[in-house]
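Report on one structure; see the data block that follows.
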Amino acid sequence: MAAREEGNDYQRLTKKDCSTLCSHVVSHRRLEAMDDNIQSVHIISDTLKRKILEREKQTDMNTGISDKGSNMGFTAAVENSDEETVEIDTPLSRDQTKETGSKIIEVETENDKDLRNYDEACDRVKDFYREQHEKQTVAYNLMARVTFKTKVRARLTIWDALIKLNELIDESDPDTEMSQIDHSLQTAEAIRRNGKPRWMQLTGLIHDLGKLLYFFDAQGQWDVVGDTFPVGCRFDHRIIYPNTFEANPDSDHPVYSTEFGIYSKGCGLDNVMLSWGHDEYMYHIAKRQSKLPLEALAMIRYHSFYPWHKEGAYYDLMNENDKKMLKAVQEFNPYDLYSKMDELCDVEKLAPYYKELIDEYFPSKVIDF
Ligand SMILES: [Fe+2]
Ligand SMILES: [Fe+2]
């Protein structure tokens, strides 16, 4: 690992490093599978919530109550075996979708296919969160930040970093259907198709690039992927599997276990320490080395902060600026969650466009990771 400690990139890795990386590659496949499982939980959860809402709307209509909900947003058609359709509102309007030629994203649950996947994923996801919720402590998070700030792990362009991450995954399984660059480009392309600004397209491209962390300082999957949450104050019951925090030593801490803990009401999320992972890691890299706007940085930093942007937890910690950021993160989320169902992108064809976009916002070109 000496090469990495000296801040060199993969090209200078020794044979020993390469063999270590090979084992990391296999583990990384598991990491990606885990991340997919976690995302599928959110998709299923979304789907079920929308179904319940739709049923309530239908009941209201049947009983003569006007439908106040209205189709304000972009619609994802969700069909079940009874051919019911449930609309998923996203920040995009239906008209906008037509204008930009974007397709409607479909989440199909016929034959309960996705529900079966959810069942299969459930134990793995539960085990993952049991470990994550036990180990994401204030002490660990302070250490992770000190480690992050005191060394450079690699120096790469953003594009090369995406390719490297992609190559490593491909080596482990040439038949893999979805690699990191596929998801990155699909997210970026979905944003672009809907006529969103260039900075947001780039945000889609790099939002998961922090998974490079797995090859550097990570102790497992639990400090790279998964939903994030604040440490240093009481763990909210709206975090997934809240009971698993019982094993976290901070749960009994006299300060960390209180409502605001080491923070104060309205202190602003900038002052809150979120559990360490790919979101937080990439946020710090982008904040230091890019010209991306605050909304982009928030999308990167909070895209896995589901207890906040999806469940409405921790609002008391927000300041006025965070309210704007919340809207931005909520606008970004559907692109991250649902673009995986899009067709795969042609990497070679898209490379010139995205390389130019990267250079626009990362002027130093070679980035310290
Ligand atoms: Fe992510
Ligand atoms: Fe993602």
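Placed from the backbone N, Cα and C atoms, the Cβ positions cover glycine too.
Annotation comment: TrEMBL describes Arg116, Asp170, Glu171, Ser172, Lys211, Gly226, Asp227, His303, Ser304 as substrate binding site. Annotation source TrEMBL lists Fe cation binding site at His183, His207, Asp208, His278, His303, Asp336. Here TrEMBL flags 80-101 as region 'Disordered'.
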Cα proximity to Lys211 (substrate binding site), best match among binding-site residues His183, His278, His303, Asp336: His278
Of Asp208, Lys211, Asp227, His278, Asp336, binding-site residues neighbouring ligand 2, Cβ under 6 A: Asp208, Asp336
Shell list (Fe cation; ref centroid = CB of His183, His207, Asp208, His278, His303, Asp336; cutoff 8 A): Ser184, Thr187, Asp279, Ile300, Ser304
Binding-site residues listed as His207, Lys211, least Cβ neighbours within 10 Å: Lys211
Candidates near ligand 1 among the binding-site residues His183, Asp208, Lys211, judged by a Cβ under 6 angstroms: Asp208
Cβ atoms near His278 (Fe cation binding site) (within 10 Å, other residues, all chains): 26
C-beta crowding around Asp336 (Fe cation binding site), within 10 angstroms: 23
Between Ser304 (substrate binding site) and Asp208 (Fe cation binding site): CA-CA distance (Å): 10
Cβ-Cβ neighbours of Ser304 (substrate binding site) (radius 10 Å): 27
